Amino acid sequence: MCFWTNLSVWMILLSHSLSLVSSTETGKTLTQNNSRAGSQGLLEVLRVLSAGDHWSLNHPQSLIKILLERTGCPQRTDWTQGDCKLCLEADALLLTAGGNLEDELREEVVQRVSLLLLYYIIHQEEICSSKLNMSNREYEFYLHSLLGLRQDEDSYFLSEKETDDILAFTRKYFGTSSSQCMETKILQRESGIQGSNGADEKTLPQLAATIIALSLQGVCLGRKALPSPDDFTEYIFSFLNSTNTLHLSEIEQLLNMLTTRRTCAKEDKYLHQYQRKQNTEEHSLRDPKTSTAMDKESDDHSPSWDQACFSARQLVEIFLQNHSSLSISKEDFKQLSPGIIQQLLSCSCQMPKDQQAKPPPTTLEKYGYSTVAVTLLTLGSMLGTALVLFHSCEENYSLILQLFVGLAVGTLSGDALLHLIPQVLGLHKQEAEFGHFHESQSPIWKLLGLLGGIHGFFLIEKCFILLVSPNTKGLPLVNEHVGHTHHLGLNPELNDQSSGGKSISTIQLKGPEDSQTTVLPIGNVPASNRNGKTISLLAIMILVGDSLHNFADGLVIGTAFSSSLESGVTTTIAILCHEIPHEMGDFAVLLSSGLSVRTAILMNFLSALTAFAGLYIGLSVSADPRVQDWILTVTAGMFLYLSLVGMLPEMTHVQTQRPWMTFLLQNVGLVLGWFSLLLLAVYEQNIKI
């Protein structure tokens with residue numbers, strides 16, 4: 001009798017399962033009976049499970065208890081002995097779903113109970129540990145909790161990704177087989193879900209009933225069947241000669257292919273279709289808000305598995321069934337070898353070239369390109385000294401200086417915020433790994449907005465000074481900018497005075513605590529001072545400070561080129577734009593201290609050579625990536641301080657004869673510096689040197 005009862009149960013379950021799986025994927029409208037298949041199927045399963053117990057058929061509380069036992073203890077095989085320890089009560093579950101303990105069990109109540117069971121499956125640990133009591137909430141709370149499973153999805157619909165997350169939980173919970181799985185879209189159609197948005201408040205309970213009914217029958221849901229181990233071996237043999245045997249020459253050919261990777265050139269059309277899954281199913285089961293380790297399939301068809309990129313966990317699942325350990329033994333590796341070889345031959349896991357992370361620069365590249373960069377930096381400092389020699393026109397000198405000061409602020413702050421900080425935080429590595437432009441560039445746009453806030457407040461303050469108090473005396477022309485290597489501020493006032501047909505230029509030196517100005521004519525410096533053998537203390541201070549500054553610049557450039565060629569290029573541009581106005585101020589102070597033009601140029605050149613010493617020290621100490629990150633972190637802070645604390649206030653309070661033209665050139669320099677660093681930050685992966 002028991003045999004025939006069990007046989008009838010399994011025949012009914014099998015017929016119901018086949019009726020669901022055999023449904024076609026055509027676009028025909030589902031009938032009302034099909035849309036209600038989930039709840040009716042679950043009721044049918046409950047009636048079969050309670051066969052022989054006529055009392056339970058007429059009491060909804062007993063049916064819900066049977067459903068709760070089967071759902072709460074899915075791995076239990078012997079249902080005739082012992083009790084199942086449940087974390088839910090059938091009465092509370094039925095009342096929360098809007099049912100009655102005495103009335104007949106309605107389909108709507110069955111669907112709601114199924115939805116509550118899905119919530120229980122997802123949050124079983126919290127519920128069973130008494131951290132979450134389901135009887136304290138209304139049914140609508142659980143409904144909206146499932147609809148809002150992912151924060152990045154529409155909270156009014158259960159999207160396909162959210163459905164995949166739920167099905168991943170149910171597969172793990174019920175321990176269903178990974179073969180002959182029903183696809184998510186077929187499951188949605190069986191539940192009466194017509195739209196592309198997914199299930200809503202009305203259709204989600206039907207979907208929940210279908211999921212519970214099929215899971216109780218052991219049907220795998222939401223994931224296509226993985227290939228068998230023999231399929232990988234078949235692929236390898238078919239790839240080489242399409243027979244059941246391999247010759248030694250073909251084994252040699254296989255080794256050559258794996259060594260040279262020539263086979264990947266033949267499969268370039270597949271490289272853009274697949275990527276290795278970043279989140280394994282185990283991770284997805286722990287966090288429903290993240291995506292599961294499932295292939296994103298097209299609406300019409302899914303790709304063949306032989307061009308699919310399998311994760312390490314999936315290969316273990318295919319070749320080593322019931323393998324729960326994270327370690328792989330030698331015997332296990334022997335079984336995994338065909339899968340690894342097949343993945344290498346198919347090239348399905350190789351990323352496109354434009355998304356591959358670039359290798360670190362070689363020793364020759366680091367030393368070669370960085371030496372060229374420091375050489376250009378030295379020549380750029382000489383350009384700054386050359387601009388001071390054109391002091392005959394005070395107005396043009398002031399405008400050129402402010403243009404370069406704005407350019408220095410833009411490049412220094414832009415390099416720190418758009419390049420160095422994202423690099424030390426690892427954002428560039430994520431961009432190279434995933435290759436999604438809009439997603440990976442999101443931090444860059446946010447940091448650009450930060451620069452926009454800085455520029456906006458600079459405009460407000462500058463306009464306030466120009467419009468409200470145009471006659472207020474500002475700070476000297478170049479104050480802190482040229483003073484970070486010494487303690488003197490510099491205000492070049494280039495006054496053209498007619499004296500025997502000669503133009504006399506003067507430079508005003510102004511200390512931070514001195515309110516009086518000392519006028520030192522460049523052209524009328526006493527010969528005893530200009531040709532004397534002694535060098536003033538001011539010149540020595542400038543020489544030492546400038547040497548240390550250039551040494552630090554070389555150290556930073558060496559570290560940047562050790563990290564990547566792109567980082568070296570951006571850092572060199574930022575330092576070069578900063579160095580030109582800096583050297584203009586230092587050279588002017590050297591001339592005013594009594595040195596001749598030739599001596600001042602020589603001293604400026606000698607101090608610039610210390611950058612090479614810093615360069616080669618930086619290249620040697622920054623071989624370790626951790627050292628690189630720390631040096632670049634300090635460099636970003638130094639750049640922000642120099643640009644925002646030292647030079648931007650000077651731009652705000654500069655005193656000039658043409659304030660609006662100065663204001664325009666300052667903004668041109670700022671925008672040009674930020675825009676150039678933005679282009680480098682966005683397209684640095686495409687830079688080829």
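Heads up, residue numbers simply count up from 1 along the chain you see.
Placement of Cβ uses the backbone N, Cα and C atoms for every residue, glycine included.
Taken from Swiss-Prot, the feature compositional bias 'Basic and acidic residues' covers 278-303.
Positions annotated as N-linked glycosylation site by Swiss-Prot: ASN6 (among others).
What Swiss-Prot lists as N-linked glycosylation site is ASN133 (among others).
Annotation comment: Swiss-Prot describes 275-303 as region 'Disordered'.
The motif 'XEXPHE-motif' annotation in Swiss-Prot covers 578-583.
Regional average pLDDT for the topological domain 'Extracellular' (1-201) in the model is 67. Residues or ranges marked as topological domain 'Extracellular' in Swiss-Prot (evidence: sequence analysis): 1-201 (among others).
Per Swiss-Prot, the feature topological domain 'Cytoplasmic' maps to 223-369 (among others).
Per Swiss-Prot, the feature topological domain 'Extracellular' maps to 391-397 (among others).
Here Swiss-Prot flags 419-447 (among others) as topological domain 'Cytoplasmic'.
The annotation topological domain 'Extracellular' is assigned in Swiss-Prot to 469-536 (among others) on the grounds of sequence analysis.
For 558-600 (among others), the entry in Swiss-Prot reads topological domain 'Cytoplasmic'.
Feature annotation from Swiss-Prot assigns topological domain 'Extracellular' to 622-629 (among others). Nonlocal intrachain contacts for the topological domain 'Extracellular' (622-629), taken as residues 6+ away from its ends with a CB within less than 8 angstroms of a stretch CB, comprise 424, 558-559, 562-563.
Annotation source Swiss-Prot lists topological domain 'Cytoplasmic' at 651-662 (among others), citing sequence analysis.
Among the features that Swiss-Prot reports, topological domain 'Extracellular' is placed at 684-689 (among others), with the record citing sequence analysis.
What Swiss-Prot records for 202-222 (among others) is transmembrane segment.
Taken from Swiss-Prot, the feature transmembrane segment applies to 370-390 (among others), supported by sequence analysis.
With a cut-off of 8 Å between Cβ atoms, the residues of this chain six or more beyond the transmembrane segment (601-621) that come close are 366-367, 370-371, 374, 377-378, 381-382, 385, 539, 543, 546-548, 550-559, 561-562, 583, 586-587, 590, 595, 627, 631. Shown for the topological domain 'Extracellular' (622-629): DSSP residue counts in helix, strand and coil, namely 5 helix, 0 strand, 3 coil.
Ranked by number of Cβ pairs under 8 Å to the transmembrane segment (663-683), the listed stretches 398-418, 448-468, 537-557, 630-650 are led by 398-418. Most Cβ pairs under 8 Å with the transmembrane segment (537-557) belong to 630-650, among the candidate stretches 398-418, 448-468, 630-650.
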